[in-house]
C-alpha cells in the first residue's frame with residue numbers, strides 16, 4: 001500500500017533553522033541590542049500602570065489604589081497643560097523647520113568641495129560642537145550674552161551703545177531663538193554625517209554623464225544628489241517627527257529663569273518639577289500620566305507620518 005510521497009521541499013521552520021545554524025554568529029551579535037531593548041524599553045512599561053493609580057512607595061505598584069484617568073484630567077485642566085504643550089510644540093516645530101534642512105544643505109555643499117584639506121578642516125570644525133556638554137553650552141550662551149562682561153555687551157559698547165543692553169536671556173520671547181539656534185550650531189555638523197555617507201554612494205557615472213550634457217553644479221545637485229539621498233531624508237524626517245514632543249529636559253531647564261518661564265516651561269521640565277519638587281503624594285502617578293501622554297502623541301505622529309510618507313514616496317520609503 002502506497003502511503004504517498006513526502007515533499008522534499010523543507011518547511012519554513014526548517015529553512016529558518018538552517019539559516020540560523022549557518023549564520024549563528026550574526027544572530028549572536030543581535031542578542032546584545034535585543035537584550036538592551038528588552039531591559040530598558042519593554043520592562044519599564046510595567047510601570048505605566050502607575051499613571052492610573054494613586055501610587056505610593058509604601059503601598060507599591062500592586063497595593064496602590066486605582067485612580068482611573070484622574071491624573072490625566074488634572075493635567076488637562078491645569079494651566080500648566082496649555083503653556084507647556086504650546087512651548088513644546090513651538091520649539092519642536094521651530095527646531096524641525098530650521099534644524100532639519102540645514103544639515104542636508106551643508107552635506108550637499110560639502111560634497112561639491114574638491115579641496116580635500118579644506119573639506120576635512122571644515123568637517124572637523126563643525127563636528128566638534130557636538131561633543132560639548134549641555135551644561136557647558138548653556139554656560140557659553142550665558143557668558144557670551146552677558147550685557148556687562150560678555151561678547152554681547154562688548155559689541156554693544158563698540159557700536160556706540162549707551163549704558164548696558166538688556167540681556168537676551170531675560171527676554172521671554174528670545175528663549176525660542178536661543179534654544180533652537182544654539183542647538184542648530186551644536187548639531188548640524190554631526191547630523192550631516194549620515195547625508196554625506198549617502199552622497200558617497202552616488203555613482204560618479206551619473207555626474208560625468210550630466211557634465212557631458214552641460215549640466216551645472218546646481219543642476220546636478222537637484223537632479224542627481226538630492227533624489228539619491230531622498231530615502232535617507234524621508235527616514236530621518238519620520239524619526240524626527242516621531243520625537244516631536246520629546247524635547248530634551250537638560251537644556252531647557254538650565255536656560256530657564258523666572259523671567260522667561262512663560263516661554264521656557266515645556267512638558268519635560270514640568271514633569272521634573274512635579275516629580276522631584278512637589279510635596280504631593282501622587283506626584284509619581286501624575287508625572288507618569290504626563291509622560292504617557294507625551295509618548296502616545298509621539299507614537300501617533302510617527303504612525304501618521306510613516307503612513308503618509310509610504311503612500312506618497314515613489315519607492316514606498318518608510319520605517320515599516
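Cβ from N, Cα, C; glycine included.
Check TrEMBL against the ranges 125-145, 146-166 and you find transmembrane segment recorded for 125-145. Taking TrEMBL as the reference, the stretch among 4-23, 24-43 described by the feature transmembrane segment is residues 24-43.
Sequence-distant neighbours of the transmembrane segment (89-113) (same chain, 6+ residues past either end, Cβ-Cβ under 8 Å): 119, 122-123, 126, 176, 179-181, 183-184, 187-189, 191-192, 195-196, 199, 217, 221, 225-226, 229, 233, 236-237, 240-241, 244-245, 247, 252, 266. Beyond its flanks by at least six residues, the transmembrane segment (24-43) meets no residue of its own chain at a Cβ-Cβ distance under 8 Å.
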